[in-house]
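What Swiss-Prot records for this protein:
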type    : residues                : note
BINDING : 121, 186, 201, 202, 219 : alpha-D-glucose 1-phosphate binding site
């Protein structure tokens, strides 16, 4: 039986799936995506939505990257656990990520159910504990637990194969990051056989790697578990009064202490169409500055992350019914990405990412900015070094991103100087 993923035009989706060999069976694996995070460091972009629902790259949302990786690899039983302000995320999953074909294959948004009492999730491990009915229903041999808010390409099947070969209870995906940034991650120390000997969750003084003290081997927040071992660990963690019920802080160290944790080096992962330049690209866009810089990479002449690799496509149907972008009355865009449905009329866009359904009116200038869907930039307005959230209106003649002192009175400014205008704001 053939499976078709509806992503805009069904025929195109079917063509891609056929090319990727989607007749492969993955019946023994269940994927759980943790998508309940608040994303406080991305405020105000997360003021009205969960972090995985934040728009990215003109036509995507952050969750589209992990879902694309799982679907491209043929893992078609996916549960997305949501909690914090999840309405837009739930709606996106229901509209953009629906299968036509066997009902045994699905991407399901699963809000917090309070199955174990009148309490919300107390941590990432507690989220899975409270959702074990999903595991019991499917009875998989392996459970993938992936984060929902990173920008990257990965073939999870290669990690699963590595996990099976290791014979361990859990495999953690690891990547090298600068030691100066590693305090934001779980940090891994492993022996020559990839056995994790120590796992430190967000340490103040991260350890360097043996061959390069300036780098740290960090957890990507992606795990493969043998199912029985995961269930046992969650049950024991539930009854541990000292636990914070966190995957990285409690569950992974539990397996490390038992000698049952394996590390998978993300640098070994190869996806179709990748190059040496973009291989092992992974970005945590959890701060405004990181989010902004990831967008600036996209519009560079030779971006490190190539959105245009159709051998491993990043999928989304964010307003797929919109017409192409239009440039009229001498409107131009230079070194920019302009998404469908947008109109640049007698205005100039430079070094920017302009999302769907944006209007830039006569005489306006947009430079070095990220403009999210539905924004309106009025006549003669100037928007520079900014992030404008959805449906922001910049009135005629308004200037943002030029006078920092004035901007500080109205908007949030990141440590890197990026001005952020929140959703639905009228300037």
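Glycine residues also receive a Cβ, built from the backbone N, Cα and C atoms like all the rest.
Since this is a predicted model, take the numbers as computed values, not measurements.
Locations of recorded Swiss-Prot features on the structure.
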{"residue": "121", "record": "alpha-D-glucose 1-phosphate binding site", "DSSP class": "coil"}
{"residue": "186", "record": "alpha-D-glucose 1-phosphate binding site", "DSSP class": "strand"}
{"residue": "201", "record": "alpha-D-glucose 1-phosphate binding site", "DSSP class": "strand"}
{"residue": "219", "record": "alpha-D-glucose 1-phosphate binding site", "DSSP class": "strand"}
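In this view, residue 186 (alpha-D-glucose 1-phosphate binding site) is surrounded by 24 other Cβ atoms within 10 Å of its Cβ, with every protein chain counted. The local packing around residue 121 (alpha-D-glucose 1-phosphate binding site), expressed as other Cβ atoms within 10 Å of its Cβ over all shown chains, amounts to 22. Looking only at other Cβ atoms within 10 Å, the busiest spot among the binding-site residues 201, 202, 219 turns out to be 219.
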